[in-house]
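Working notes, structure below.
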Amino acid sequence: MQLTNRSKQVSNKQMTFAERIYLPAIATGLGITIKHFFQKKVTIQYPEVKQFLGPVFRGRHVLKRDEQGRERCTACGLCAVACPAEAISMVAAEREKGEEKLYREEKYAAVYEINMLRCIFCGLCEEACPKQAIYLRHDEFVPVFTERDQVIWGKDLLAENMNNRYLRKAWTKEEAREQDLKGVEAEPRTQL
Amino acid sequence: MTETAVAPKDTADLAQGEKVQYVNELTTLNLGPTHPATHGIFQNVLTMDGEKIVAGEQTVGYIHRAFEKIAERRPFYQITTLTDRMNYCSSPINNMGWHMTVEKLLSIEVPKRAQYIRVIMMELARIADHIVCNGILGVDTGAFTGFLYLYEKREDIYEIYEEVCGARLTTNMGRVGGMERDLSTTAIRKINDFLKTFPPVLKEFEKLFNRNRIFMDRTIGVGGISAERAMSYGFTGPNLRAAGVDYDVRVMSPYSSYEDFEFDIPVGQHGDTYDRYMVRNEEMWQSLRIIEQAMKNLPEGPYYADAPEFYLPPKKEVYRSMEALIYHFKIVMGEIEAPVGEVYHAVEGGNGELGFYLLSDGGRTPYRLHFRRPCFIYYQAYPEMCVGSTISDAIVTMSSLNVIAGELDA
Amino acid sequence: MTIDVALIIKAIIILLIFGITLLIAMYSTYGERKVAAFMQDRIGPNRAGPFGLLQPLADAVKMFFKEDFIPSQASKWLFILGPCLSMLTALMTSAVIPFGDSVKYESAPGKVWDIPVQAIDVNIGILYVFGVVSLGVYGIMVGGWASNNKFSLLGAIRAASQNISYEISMGLAIIAILMMTGSLSIRHIVEQQHGGNWNIFYQPLGFIIFITCAFAECNRTPFDLPECETELIGGYHTEYSSMKLGFYLFAEYINMFVSSAMISSLYFGGYNYPGMDWVQAQLTSSLGEIAGHNVGTLIGTLVFFAKSLFFVFFYMWVRWTLPRFRYDQLMNLGWKALIPLAMINIILTGGAILFLKPLIVSFLK
Amino acid sequence: MLTNQSVAEEIIRKFGDDVFDFEEPFGMLTFSTTREQIIPMLDYLKAHPQFQVNFLTDIMAIHYPDRVGQEFCVVYHTHSFIHNFRIRIKVFLAEADVHIPTATGLFASANWMERETYDFFGILFDGHPNLKRILNMDEMDYFPMRKEYPLEDPTREDKIDALFGR
Amino acid sequence: MTQDIKIVEAPEGYEGSGFFATSFDKVVGLARSHSLWPLPFATSCCGIEFMSTMASRYDLARFGSERPSFSPRQADMLLVAGTIAKKMAPILKQVYLQMAEPRWVIAIGACASSGGIFDTYSVLQGIDRVIPVDVYVPGCPPRPEQILEGIMQVRELTHNESLRRRNGPEYQALLASYNIQ
Amino acid sequence: MDFSSFLNNLTPATGFFYFLSFLTILTGLMVVLSKNPIHSVLYLIATFFCLSGHYVLLNAQFLAAVNIIVYAGAIMVLFLFVIMFLNLKQEDEESKTNLTKIAAMVTGGTLFLIFVAVFRKTQFGAFNAYSFDSQVGMVESLGEVLYKDYLLPFELASILFLVAMIGAVMLGRREAGDRHF
């Protein structure tokens, strides 16, 4: 049935004599594979060589702290709502006197847990966060687990380590776009 | 599945239709659900006379995940993550299809640039989808190597995805109202690189298979279906086109500026495996053409629509202005009411017409969301296509149909 | 005493032949994986030892310590017999292949022993190989049937019909060679191809038929229907685990090596190579009669291995390039293409021997 | 080119009072009919020399627990390739009587779509050759897509309400 | 190959002039860890990522694991990649039962490990409901790198496992808790 | 002649002969006695091997090889093939009526009588070591006899085979419009 005038017949089932006797096509095929035999291999030797995963890769979560090391999270719960896997849970608490060094906002997450096996790394929590608190690291994965009871990560694992801070080129996509337009060199996709 | 000690069912029951006198004893072969050739998961109970199939019946639902039920509990923007996992070989098409459905419901006009970016992503996804299908067809006919050559290029597509959205397979790409981020210079470079490096690889793949008599013998006349039966069985996409009907949603009811692009609709002759293979192959070339055109004519401008109620405001605004913060909260909580109405939107997915039938009662979630999943609809023709052929044919037919379990079982 | 030493040398040669056959088969598995990887732009095994050289060892040890599973519904003895038969027949074949010329040993002055580098030189060597190869299918059939699994049975049935069909054209292809050489002894055939006078130049068609049939007899792609993974999971060895599986896989590689050795013996002159007379003369003149001869034999043997290994590589090369046939196409090819071709080849050869040869001989005179 | 107006008029002329509730949401001709008329309707559209609505895009159902007497709605999406014209037909059914004739005689594709609809909503397609569950397990004793049934897996043990964050 | 890759190290043992002794367990463990044949039980998205892992760029073959054994008898590790619905669970269990000891199980991805986003009536909430799991790989789907991490974790387990573990009472108790004899 | 002296006089060749004969008869009996047809076929193959051994003892290497190639290698494979296809197992055990049993007894008894009669009349030829031609069973002498004395029957037989083969191929030919297989 012809519905449009853009159709194009593509399949030709008539074989020529050369095709009929198998050998030329086989020889071509063998030629292609032997060519690849001597070509450079594309394999990345993974555990030793690590590849850069792109500036916006959605890896493991981190609860950012600000410059003074205070937690940014204010336990608003937007990330938990935005999570399609319902993997995030938190308990909010009021900041007490003397805790200003620990928490930036007046409310903070006393408990912040992510079920790492439920998480689908969709990035919606990062997008939902109004406080620049939760990020998905572009340079690290969640490690593998051997026990089911290791999988719920609390703040001890999620909160950023001040000695080994998580850095990234741009913290929002607008920022990334500005830098991109300015021509800030993108990180090369090679070894990490 | 190696366990074949199935209770010998009354095989005559399986041979639906007229009673045939079989000289030989019939055996029942359980193909799947974990047979390597079923890739995804479905079971084919084949009744065989020697190596010849006399009847078949499929059992599906082995990864039924209740997408439609979940969709009734999730705000619109979270449903994107569901569509990712439907046809996971070409998730961006699903993502975009869903966004366009919602945009249709909300009557949002998406700017040209976003539309073009979407087209680029969708065509990349189509290439990725067809790579898997044609590569696997190669694997199932016994030639593994060609598949890996193509798969290398698929990794390049993944890199582009990663640059655009941050994930490889389940992309969660795009947002209601546009794209979540613009194409970065790296992404543009990578797409251009891909446009340059993919054709030689595809040519090589074609040289390995297209005119190789072993492959042609394996596929020509195998699993054929007439255009009429194909229409009756609800075939769409490459499988219908292979039968000779040039139905393509991109041309018939253009969406996302497809009317701007110049491309052909490849069609086959008899709807057999070779036709399907050739059509998919040609579609990859056509997709490349579309991407080329889109990259060349990529308009400047915003990459998201001016719809503050639905598109998340820039983060900077959120930190600064109260209004943006309120919108931000409302959008994330899913509290912005959608209009009441019903909308059907179809896109040309990797396997055919991927339809979204969205019924909204004005709440934060769809009242009912139905996916028209092409795989589910055409897979029922499989017994008819493989009866009378051998088990090898049945397997080749199955892989050329490109049945994606996630899409099949919802 | 003197006889004993000769016997010991013979025994060493026999042991070496079997040892080398096993070793080559073992490293063929590694080679297969590396070749596949390289053709697919990958690297292949490289963690077990330098360049992954210990990979076959790791596989073997693992298989030895894997649970040996006998399905409850299988017939136990036949289930065990299957892989044993496969391995036995595969190993038996290498006995009559001449790996090299001969080793000379002077036990006493003037008393020189001439020991061929071959396990046994039967004067019906080809028939022996043929007979043993035709038995190889029993291992597959018995194993496949005993597994009590439909996929295995299908694999076994395919193997049986395939092997029988391709044996015929293989035999017919060899007959053309026999017509040329007039001997059934493989050593004779090899010796007649002295220097660069290889049969491939006289029998190109026969060679193509033979190698196709060899692929089919070894169940290698494009004829790997008995085990093809995507259709029959593992075919006849679906139910096998542990070392019994190892035997099956191993037998396949031994068969591959043996048939490569046959190809190089029958069509590529075995241990002969162009200019070998000159090399031999140089060696004898520089090293002395006996030592020179032995070194010459060694070089010949190495040449033979190089040829055989090339064909082993060719097997792998083809496997990772071509799609496989369908069952009926395979039968069609065997019965409708190869057998008539082989017959035509015989007629042509006969004609050439009867008419062309005297013509050329008289012309040269 | 077919217009919604002309097609609707033609259908009304043919079926009279059996078609009602004409709508055009987002340009697609939508109307309702009765279950007695649905198969003749599909047949008519398919055989119509001009319309040639010969492609069944989709069959699905909707559950409206609040509409008494019209709890279930079966929706047919049909498509005329020649004119690129889509029609949506709805049939409302009461919960007490969820029978509707099958369309498998007209479209082979209706087979599984109807089975799926049965599986999800329990709608009985009379005359269907093989009306049994397709996606869910045969042992399942309810129709999961009906609004009253929960989504979540009831056996999930690690489900603490606190985890949901809302 | 300019980069140094970590190849196998000789197992711990006693070395003297001309001899090297090590425990049998270690040698076997070492061999096993370099020859883990996977049985890909790939049902959905993660299966595609597993294909990537097998493909040229990540090349599972480097660890000697490229031979997929679709027959459970021959496989050493079961890679469950993708959603396992309740309809599928008995089949998964059967495949596990058909595997020959020693066997390891990796749950790849959120769905196989815990059900992921599919907390629904039809999806099994983690395959550890039906079979014992050795390694969970998070991610939806995990990147090939993560799948490789998971496989390397299994290699670690294999390497250090005692030959007698599979006959030990602890293991029997574990199996018994899943109603597996 | 008592048994020990018999053993003492046994040359390797005769010893081998007795051993092979014993095996031949044993496997031959097992062919008949096995309940499972597959086992019967396998015993039959073993019988052929023993017979080939006898040929070798007779210095008829060609016949030995051909016996294995043709009978064990091809015909028995087909036997096995057919039996596997028919999937005969323990069924049909009761189907033997008294009539069949009687008929079988009569036939068997007659055959036995004929054998006895034949053996009674048989005269063993004297073995003369000097006039014995060791090459009589070799390929060359066989070829000479076949192509000189029995040329016509040989050629006729080969034509018969050729015709049969071509006929088989023709029968297997696909009719136009027929689906393959």
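For all residues, glycine too, the Cβ spot is worked out from N, Cα and C.
Note that the structure is predicted; figures quoted are calculated from it, not measured.
What TrEMBL lists as transmembrane segment is A:21-38. Under the heading domain '4Fe-4S ferredoxin-type', TrEMBL lists A:64-93, A:110-139. Marked as [4Fe-4S] cluster 1 binding site by TrEMBL: A:CYS73, A:CYS76, A:CYS79, A:CYS129. What TrEMBL lists as [4Fe-4S] cluster 2 binding site is A:CYS83, A:CYS119, A:CYS122, A:CYS125.
Between the alpha carbons (Cα) of A:CYS122 ([4Fe-4S] cluster 2 binding site) and A:CYS73 ([4Fe-4S] cluster 1 binding site) lies a span of roughly 19 Å. Sequence-distant neighbours of A:CYS125 ([4Fe-4S] cluster 2 binding site): residues of the same chain at least 6 apart with a C-beta under 8 Å from its C-beta are A:HIS61, A:LEU78, A:CYS79, A:ALA80, A:ALA82, A:CYS83, A:ILE88, A:ILE134, A:LEU136. Using a cut-off of under 8 A between C-beta atoms, none of the binding-site residues A:CYS73, A:CYS119, A:CYS125, A:CYS129 neighbours chain B.
Looking at A:CYS76 ([4Fe-4S] cluster 1 binding site) and A:CYS119 ([4Fe-4S] cluster 2 binding site), their Cα atoms lie 19 Å from each other. A:CYS83 ([4Fe-4S] cluster 2 binding site): 27 other CB atoms within 10 A of its CB, across all protein chains. The residues of the domain '4Fe-4S ferredoxin-type' (A:110-139), classed with DSSP into helix (H, G, I), strand (E, B) and coil, number 5 helix, 9 strand, 16 coil. The distance from the Cα of A:CYS119 ([4Fe-4S] cluster 2 binding site) to the Cα of A:CYS129 ([4Fe-4S] cluster 1 binding site) comes to 16 Å. Its Cβ taken as reference, A:CYS119 ([4Fe-4S] cluster 2 binding site) is surrounded by 29 other Cβ atoms within 10 Å in the chains shown. When the binding-site residues A:CYS73, A:CYS76, A:CYS79, A:CYS122, A:CYS129 are compared by the number of other CB atoms within 10 angstroms of each CB, A:CYS76 has the fewest. Contacting chain E by the Cβ rule (under 8 Å between Cβ atoms), the binding-site residues A:CYS73, A:CYS76, A:CYS79, A:CYS83, A:CYS125, A:CYS129 reduce to an empty set. Reduced to three states, the DSSP call for A:CYS79 ([4Fe-4S] cluster 1 binding site) is helix. The domain '4Fe-4S ferredoxin-type' (A:110-139) scores a mean pLDDT of 86 in the predicted structure. Each of the binding-site residues A:CYS83, A:CYS119, A:CYS122, A:CYS125 was checked for a CB under 8 angstroms from a CB of chain D; the ones meeting this are A:CYS83. The Cβ centroid of A:CYS83, A:CYS119, A:CYS122, A:CYS125 marks the [4Fe-4S] cluster 2 site; residues of that chain outside this set whose Cβ lies within 8 Å of it are A:CYS79, A:ALA82, A:PRO84, A:ALA85, A:ALA87, A:ILE88, A:ILE114, A:ILE120, A:PHE121, A:GLY123, A:LEU124, given in sequence order. Excluding A:CYS73, A:CYS76, A:CYS79, A:CYS129, which define the [4Fe-4S] cluster 1 site, the same chain contributes A:THR74, A:ALA75, A:GLY77, A:LEU78, A:ALA109, A:CYS125, A:ALA128, A:PRO130, A:LYS131, A:ALA133, A:ILE134 within 8 Å (Cβ to the Cβ centroid), listed in sequence order.
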